[in-house]
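**Student:** So TrEMBL says this about it:
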- A:TYR131: active site, O-(5'-phospho-DNA)-tyrosine intermediate (ACT_SITE)
- A:320-330: compositional bias 'Low complexity' (COMPBIAS)
- A:334-354: compositional bias 'Polar residues' (COMPBIAS)
- A:102-163: domain 'Spo11/DNA topoisomerase VI subunit A N-terminal' (DOMAIN)
- A:214-337: domain 'Topoisomerase 6 subunit A/Spo11 TOPRIM' (DOMAIN)
- A:1-34: region 'Disordered' (REGION)
- A:320-376: region 'Disordered' (REGION)
Amino acid sequence: MPPSVPRRRSRRLVRDAGKFPHPNAPSVDQGPQSGIVTIPSKNSNDVALLRIEDLMETILDAIMEGNELFIPYRSVRSAQAEGDSQKTSFVRFPGRNIQEVKKFEALFRILELSHEALLSGNIITKRNIYYQNIELFKSQSTVDDMIDNLAFTLGVGRGDLNIAATAKGLIAGLVDLIMKGGSIIKCDHSHDGGTLLPSIDSIDKVDFRDAKWLLVIEKEATFRTLAESQYANNSKAGHGIIVTAKGFPDLATRRFLSILHSVRPTLTVFALVDFDPHGIAILRTYKTGSQRFEHEENVTVPDLKWLGIRSRDILSCGSGISSQDSQSSDFQHLGSQRSQDISSQESLTFSYDGSQEERHNKRRRVRKTRDPSETVASLTQADRKKAVSIMKEICAAEGLGGGVAAEMEQKSELQRMMMLNIKAEIQAVDNYGDITDWLNERLCNQQQWNISF
Amino acid sequence: MSKQYLTAHTVDQAHTADIFSLAPTPTVLFSASGSSSIHIHSTSDPTFPLQQTLTNAHKLGCHHVCAARGGVGDVVASVGFGGEIKVWRRHEDGKQWKLWWEITPTKSSGGDVWAVALTADEGYLACTTSDGCIHVWDLVARERITTYETGGSSGRGGGSFAMAVDISRDGKLTASGHQSGAVYVFNNDAGRLVYSLSGLSKPVRAVAFSPGGKRLAAAGNAGVIALYDMEHGEHVGNLTSPNSRPAWLTSLDWNDTGAYLLSGSLDGRVKVWDAERGICVATHSETDSAIWCVRWLPMSDRVLAPGMAKGEMFCAAGASRSISFYREATGT
């Protein structure tokens, strides 16, 4: 059965409908005291709408003229594999086989749903699209892939199609989300560990109150523990916000963070990830984006700061890579200064060590001392392969004139991971399940460092 | 009786990343780090000046570099994080070093190549892999002549990560240290395992044959140095620190007489041990950042400063990115 073609709407009509008021820049509501910031609406919806309507017109014309129908379709993966050749393939109707017919029908249905969502200003979830016609789409992942590829083909972001993933991220802290519908989501008194992150496009304003920092946590379990203990309200580093995407970040969470950071640049964003190649991949995805979603905009937080955990956090109990807190370059410098012309026999060494202990006492007192052997695991072959592939990525960026300090630090930590052949989870730095001491110390230090810099 | 060593010189910020490995020949010291180039420092000058830089030696950084202990110093091998082995050879002029041969990751097959060692005649190379194998290469014929497997009878790979390797100076024995704590010794003539040594139950990060080949030292996360007799494969003693919880040891090296053993650890300490008496005779802790590698410089007739006697020297490097050189205080 041929897909039904929606009635053609005149473009003028769409314009006049006035569904898209676009306040361009983020506007702070009266004075620096106020924490309420407006989330800018997207402009690119227009582009997406135009492109979808163009496509539909082409199809309509083809029907009128009795020609073959086709939808241009490029796969993100194959485009990357072939090294960005501009070749676009087409899904035709009637196709060469039954699969192509089904594919055409599915793609057309997605376009139609996106078109409707764009006109009404509503957001439709990927899950919802799947349930529109389970038999046609077969599986959720088919829908997900098709949506991403369609967005890629049309040259827009997935959000621009007014299609969102079902929320995966969680948020907690002294922050209110004022929705476009007028309802307010308060994230501070969420009963059991966090509020489901709504799509950023459905948020009108955000009341940051006096939040100073935002912490993205890889692990949901750590997030929940912190949310339950109201850490974001009780932190020694001041009020803050905590977020998790439950592992590898989804696009919705990344867009949420990216836009939040762009409307509120004073909010320092930190990441807390495992000390393993996967954790560093997650950190890099938040910070610089992922290959698969290179065509998406506003999905990165380039200023993201790596709170931990690093090799020195795990090995700091008397056998640190370094016990210095600040950037690696600082501790290197200190190390070399101290090594000049100081030589000691064992007897001398002890007194020297004594003074060293004193210097670090403040830090160590709050920390449970643990043998690093108890908190680390060996890297697997897959871990080591992953580490090498991330290092290759970093080196490639270096070659392109990148090579920023943050990336060099990631490379350094990956190398130490491989040298030691160890990995550790966030839990390695907690105190029998309580990570608040470590967090307080780290967040306070990091903020001081930011100010002094 | 303690010995006294003084800092002779420090090459500050020798690399822009952690220095993971050092390899001394009679005339130069190779240093390798997380950055892509390998540095060659002259050791016949008291300021240890940079003699040559091997730029872009290993794109992802270099974790191991080795020279032949007791060798003439014409060949050095290095291994990069990408899994490639490069063999460097000294040019006829005696100064310039050039790439002689590269063993790419696919050629060496199986797990990723990790540690590396050269025979004293500089004719053979042994390298370990992450799946527990030890490959031996003939450098002249450019072919792999033996593979020792440690993964049981099941065949290829499957063994515990082989983190360290050494070859005895007479070329007869090869030893490997593993993540599992196992230490294996192979007879190169017979091509088979001769000793499976117990004593350390934690990852072994360094193994070293004494110059005479009578002893093997092994150390790692256990924080102690285990000594084995190579005649019968017996565990003959441990060198231990008085610390309640000793730091992980990363590196070991015997001096040319076999009387002293040098160790480096993650807490930044460099120690000199009297192997016969089993005691630590000197400790240096100028830095609290990790030491990745310690090496004695081969004995030579070098006189490094006016009035300074000939003596043994050693060097240490790690996360501080500097290389420290130490000399024995002679008192006269």
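For all residues, glycine too, the Cβ spot is worked out from N, Cα and C.
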**Student:** Counting each residue once, how many in the domain 'Spo11/DNA topoisomerase VI subunit A N-terminal' (A:102-163) are helix, strand and coil under DSSP?
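**Tutor:** Tallying H, G and I as helix, E and B as strand, the rest coil: 48 helix, 3 strand, 11 coil.
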**Student:** Over the domain 'Topoisomerase 6 subunit A/Spo11 TOPRIM' (A:214-337), what is the model's average pLDDT?
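**Tutor:** Mean pLDDT for the domain 'Topoisomerase 6 subunit A/Spo11 TOPRIM' (A:214-337): 82.
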**Student:** My understanding is the cutoff is Cβ-Cβ under 8 Å with a sequence separation of 6 or more in the same chain; which residues meet that for A:TYR131 (active site, O-(5'-phospho-DNA)-tyrosine intermediate)?
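**Tutor:** Sequence-distant Cβ neighbours: none.
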